[in-house]
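J.: Here it is: the structure, laid out below.
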Amino acid sequence: MMMSNRVLVAMSGGVDSSVAALMLKEQGYEVIGAHMRIWYREEDEELYEQNVKGCCSLAAVHDAKRVADKIGIPFYVLNFKEPFYDWVVKNFIDEYLQGRTPNPCIACNRFIKWEEFLKRAMALECDYIATGHYSKIVYDNLKNRYLLYRGKDKTKDQSYMLSQLTQEQLARTLFPLGDYYKEDVRNIAEQNELGVADKPDSQEICFVPNNDYGEFLQSVVPEHINPGPILDAQGNKLGEHKGIAFYTIGQRRGLGISLGRPVYVIDIDADNNALIVGDKEELYSDGLIAEEINLIPYEQIENSIDIECKIRYNSRNVSSTLQPYGNDQLLVKFNQPVEAVTPGQGVTFYQDDLVIGGGTILKATTKK
């Protein structure tokens, strides 16, 4: 069946998705704009209506609608409250209660934007979805596969968040901004009088007011947030923590203990509700084991390959080797020890600008 040129653009009200919609319209696509209404706590609904900054606030809806009207495309607000809670919020809560540190944006991309949003697009008889992500998709005729690449603007590249996309999802996705710099995108918005050229990039967890995830967890699952011991690696008690959900690997501030030297969270023992602290050297690992693997250029990896990996959104890439580990897991071995490998975070594998794939960090391997 021939693909049509109708595309559903996820419009947050920000400059990137606004310009993406404009570009596609100018390229001859039949563009429909849509804003995703996500879940908030009842007490945060008023903040949703008042918040002028948030990517998912009512103000953002108004901005997206104004842009859609300006460029002359239909616009819908789609209700994703239930699936967002089921796939993103529940996972966020569960991961923290297990002593892990999740990245809800990766879960949102995987289960909401490229699962539920794609379903809505098909219901609207669209053959593509599009977003304002700074990444590129190329079809490789030799491999007969869609490939994902880092965007031209390496300071805004978002491929780390996209490494869970499948071949079926990549085939139905357009990234109009992949070959542009952020400054160019802002200039395009200004030249076309979209009214969003100067909007700042969103930094917060969209469903957590003020990015205070500790307060959020305390309010939604107070029965699971309990104080417990702070221990050293030998099991000696050094103090008491407020609840493991308030801490992450590598954290130094806010531990509430004074030992005459800096100490860091080096492990979280959720089974015993204990926080393990140690010196900075104890934060370093020689590798990690990743689960929930998705590979893009290959069906599977059979032998060790040289890669670079990214273990959190704002971290530098690390030269490594990648090899099978069994049970649908992969082993990453760093060429040099790496600090604060954090279970629950996403890990993305690269060769130059090509995204090999990604997964979720299960655990660090040998501490240095």
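Cβ from N, Cα, C; glycine included.
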J.: Which single residue out of Gly72, Gly99, Gly132 does Swiss-Prot record at the ATP site shared with Ala10, Met11, Ser12, Gly13, Gly14, Val15, Asp16, Ser17, Met36?
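T.: The one candidate that Swiss-Prot places in that ATP site: Gly132.
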J.: According to DSSP, folded down to helix, strand and coil, what is His133 (site 'Interaction with tRNA')?
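T.: Where His133 (site 'Interaction with tRNA') sits, the three-state DSSP reduction gives coil.
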J.: Please report the three-state DSSP label of Cys108 (active site, nucleophile).
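T.: Helix, per DSSP.
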J.: Compare the C-alpha of Gly14 (ATP binding site) with the C-alpha of each of the recorded positions Cys108, His133, Cys206, Gln345, and give the closest one.
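T.: The smallest Cα gap between Gly14 (ATP binding site) and any of the recorded positions is with His133.
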J.: What is the number of other Cβ atoms found within 10 Å of the Cβ of Ser12 (ATP binding site)?
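T.: Other Cβ atoms within 10 Å of Ser12 (ATP binding site): 24.
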J.: Provide, as an integer number of angstrom, the distance between the C-alpha atoms of Ala10 (ATP binding site) and His133 (site 'Interaction with tRNA').
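T.: Per the Cα atoms, Ala10 (ATP binding site) and His133 (site 'Interaction with tRNA') stand 10 Å apart.
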J.: Roughly how wide, in whole Å, is the group Ala10, Met11, Ser12, Gly13, Gly14, Val15, Asp16, Ser17, Met36, Gly132 that binds ATP, by largest Cα to Cα distance?
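T.: Roughly 16 Å, rounded to the nearest whole number.
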J.: Which residues does Gln345 (site 'Interaction with tRNA') neighbour through Cβ under 8 Å, counting only same-chain ones at least six apart?
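T.: Within the chain, Gln345 (site 'Interaction with tRNA') has Cβ neighbours under 8 Å at Thr101, Pro102, Asn103, Ile311, Arg312, Thr360, Ile361.
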